[in-house]
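Marked as topological domain 'Cytoplasmic' by Swiss-Prot on the basis of sequence analysis: 1-7, 131-717. The topological domain 'Extracellular' feature in Swiss-Prot is assigned to 29-109; the stated evidence is sequence analysis. Per Swiss-Prot, ATP binding site is recorded for G206, P207, P208, G209, T210, G211, K212, T213. What Swiss-Prot lists as Zn(2+) binding site is H427, H431, D504. Residues or ranges marked as active site by Swiss-Prot on the basis of sequence analysis: E428. What Swiss-Prot lists as region 'Disordered' is 670-717. Feature annotation from Swiss-Prot assigns compositional bias 'Basic and acidic residues' to 684-693, 701-717.
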Amino acid sequence: MFKDKKMLKYIVIYSIIAFGILLTFNMVKDEMLYEKVDYSTFMQMLDKKEVKSVNFSGNQIEITPSDSSNLKGKILYTTNPAVAGITQPELIKDLTVAGVEFNVTKPENYQLLGLLMSWVFPLILIFFVGRMMFSKMNNKMGGGVMSFGKNNAKLYAENETGITFKDVAGQDEAKESLVEIVDFLHDTRKYVEIGAKLPKGALLVGPPGTGKTLLAKAVAGEAKVPFFSMSGSDFVEMFVGMGAARVRDLFKQAEEKAPCIVFIDEIDAIGKSRDGAIQGNDEREQTLNQLLTEMDGFDSSKGVVILAATNRPEVLDKALLRPGRFDRRIIVDRPDLIGREEILKVHSRDVKLSDDVSLEEIAKSTPGAVGADLANIVNEAALRAVKHGRKFVIQEDLDEAVEVIIAGQEKRDRILSPKEKKIVAYHEVGHALVAALLNNTDPVHKITIVPRTMGALGYTMQLPEEEKYLVSKEEMIDQISVMLGGRAAEEVVFNSITTGASNDIERATQSARNMITIYGMSERFDMMALEAMSNRYLDGRPVRNCSETTAAIADEEVLQVIKKAHEKSIKILIENRELLDEITGVLLDKETIMGDEFMEIVYGKYPEKREADEKAKKEIQSLREQALAKRKEKEEAIKKAREEALRLEEEQRKQDELKAMIEAQEEAAKLARANNEANNDALDSSKENEEVKSNVNDGATEEKKDDSSTNNKVDGE
């Protein structure tokens with residue numbers, strides 16, 4: 001009836017509790033409904049005509065008071081004198097005279113039914129209702145509200161993850177760090193023989209969407225071992241102590257399935273630092289302590305590897321990160337340009353692409369995008385192709401998908417007045433022209449005044465020619481000038497300002513503040529850090545590390561940076577007013593201008609800039625080709641190393657098989673020799689027996705001859 005003995009135990013316990021509650025309820029109910037009175041009180045009530053009816057039932061008399069009695073609404077009972085052998089023939093007469101209804105019942109006929117109705121049926125009902133409730137709670141709470149020690153980990157069999165390193169792109173360094181773990185799980189013997197121990201745990205750290213969970217599954221897929229997957233929040237649910245019990249159960253199962261991988265996603269849910277704060281969570285700390293104990297207790301040579309993922313490594317407890325636990329930290333950061341292109345290739349493997357599609361251009365247009373973003377872009381492009389009735393995805397679909405992710409869908413039904421449209425056009429061209437005429441800015445890719453659903457009335461898209469990991473002070477100032485170029489154009493052309501620059505002002509202010517408070521680009525504060533960035537992988541807000549007075553001075557410095565950048569933008573646009581008007585006219589006519597067309601207009605006035613830009617492009621392309629060649633060389637080296645490891649493993653396996661075969665043959669030969677010797681011994685023994693038997697027969701024959709000759713002699717005499 002019950003597959004889970006623990007569940008049966010809990011239902012029995014709760015049934016006993018329910019029985020006690022039911023017993024108490026029945027006792028209280030009897031106390032409330034029934035009241036015992038003396039027989040003399042009953043007689044007095046009868047004389048006062050305060051009795052409505054009487055029922056003689058076994059050893060007691062049940063009395064129902066009349067409406068005039070003070071005890072109205074209760075059922076009274078008193079002892080029946082007949083039980084003691086005392087008869088009162090006058091009682092029946094008095095009841096008849098008083099007009100009181102009376103009746104005689106046999107209680108034994110109703111005892112069984114009363115017992116069933118009062119006790120058995122309610123208990124059965126409670127039992128089955130409780131069973132159904134616990135069953136539903138089990139299903140809803142992933143293993144059960146009553147399964148205290150059971151973990152909720154999803155167990156993937158050896159080939160069920162379906163993911164290998166081929167499905168992970170743009171994270172070559174992370175994959176390289178994990179190849180060692182895969183090799184260890186493939187063949188733990190060679191590590192044990194040399195005395196090497198693999199790290200017990202590896203912590204995957206990086207922003208959301210970079211592929212930390214995918215990497216963990218790829219490790220399991222490559223190693224072809226069982227894969228336990230569990231979220232940190234799954235350890236703690238509603239009962240104190242459940243988290244620690246689940247940790248114990250998880251590691252117990254892992255040791256039984258070894259070699260295997262245990263993956264804990266979002267481990268910061270249980271691994272937060274125990275800082276002694278008053279608002280500490282005892283249940284979470286118990287779970288963390290149990291996890292630390294288990295990681296100390298198991299032997300990594302058995303082949304159990306713990307992988308965990310988080311995007312908040314700064315909040316993790318130091319004991320969790322010390323050597324012997326999660327002592328290897330693998331950074332899974334945002335992919336670079338080549339990485340983004342490789343990711344796009346992976347996600348577009350099953351998508352029909354046109355021959356003219358350039359994934360490199362899409363990779364260039366998505367700086368800072370993670371794997372999840374790029375997968376979404378490819379899917380959006382495929383959906384757009386289907387929407388337009390095409391059988392394959394073209395470049396336009398991918399370009400539009402990028403813009404949908406960045407700015408939202410086109411909002412063609414939003415009609416702007418001619419004046420507003422003109423303001424938006426000058427605003428966007430102001431951004432683009434300042435970007436084109438400054439030296440430390442990214443090239444303009446597109447200018448549009450088509451409104452978008454995310455609120456933009458138009459936008460200017462800039463795409464970097466190369467990946468930048470360092471930004472100079474001059475570059476940051478020029479970037480701020482570009483941000484303020486739209487407002488500057490409004491001032492130069494219309495001599496007024498609008499609300500359209502709100503987002504530009506916000507971003508410019510944040511960049512200027514970072515220059516002063518974080519990057520040490522202020523002459524007044526030199527290299528003093530006034531703010532610190534928290535949660536770097538989650539785009540956390542800066543935390544101020546200075547006094548109110550210093551913060552006020554820093555605000556003045558920020559204002560000066562913004563003012564200088566603003567003045568630079570205004571100066572550029574005033575000097576190039578004719579170019580500003582010309583490009584704006586083209587934009588108003590076409591609504592969208594691509595970067596090449598825009599730059600051709602600019603090159604018409606500044607031909608020397610064309611040569612400089614082309615030279616810079618060639619240098620960047622050369623560097624990119626070198627980087628790509630190095631990456632391919634590195635990938636080939638890793639591939640060869642893995643193939644060599646597999647070859648050696650195969651050779652070792654064949655040698656082991658050959659050795660086992662030789663040993664088996666030697667054992668068989670030994671057994672054969674033993675059998676031959678045994679057969680020879682048996683044959684020799686048989687020959688000896690035959691010789692003995694022959695000698696015995698010969699002796700018997702001689703005796704017969706002697707007896708015969710003796711008899712002949714006797715007869716002759």
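Just so you know, the numbers here start at 1 and follow the chain as drawn.
Cβ atoms are placed via backbone N, Cα and C, with glycine included.
Since this is a predicted model, take the numbers as computed values, not measurements.
Between the C-alpha atoms of G211 (ATP binding site) and D504 (Zn(2+) binding site), the distance comes to 32 Å. The most crowded of the binding-site residues listed here (G206, G209) is G206, judged by how many other CB atoms sit within 10 Å of its own CB. Between the CA atoms of H427 (Zn(2+) binding site) and P208 (ATP binding site) there is a gap of 34 Å, rounded to the nearest whole number.
Of all the recorded positions in the record (E428, H431, D504), the one with the smallest CA separation from K212 (ATP binding site) is D504. Cα distances from T213 (ATP binding site) to the recorded positions E428, H431, D504 are smallest for D504. Per Cα geometry, D504 is the residue among the binding-site residues G206, P207, P208, G209, D504 nearest to E428 (active site). Contacts of H431 (Zn(2+) binding site) defined by a Cβ separation under 8 A and a same-chain sequence distance of 6+ are given as I447, T460, V482, M483, G485, G486, A489, D504, in order along the sequence. Of the binding-site residues P207, P208, G211, G211 has the largest number of other Cβ atoms within 10 Å of its own Cβ. Using the Cβ center of G206, P207, P208, G209, T210, G211, K212, T213 for ATP, the list of other same-chain residues with Cβ within 8 Å runs, in sequence order, L204, A309, N311, V332, V370, G371, A372. With every protein chain in view, the residue among the binding-site residues T210, T213 whose Cβ has the most Cβ partners within 10 Å turns out to be T210.
Just so you know, of the recorded positions E428, D504, the Cβ with the fewest other Cβ atoms around it within 10 Å is the one at D504. Neighbour density for K212 (ATP binding site): within 10 A of its CB lie 26 other CB atoms from the protein chains shown.
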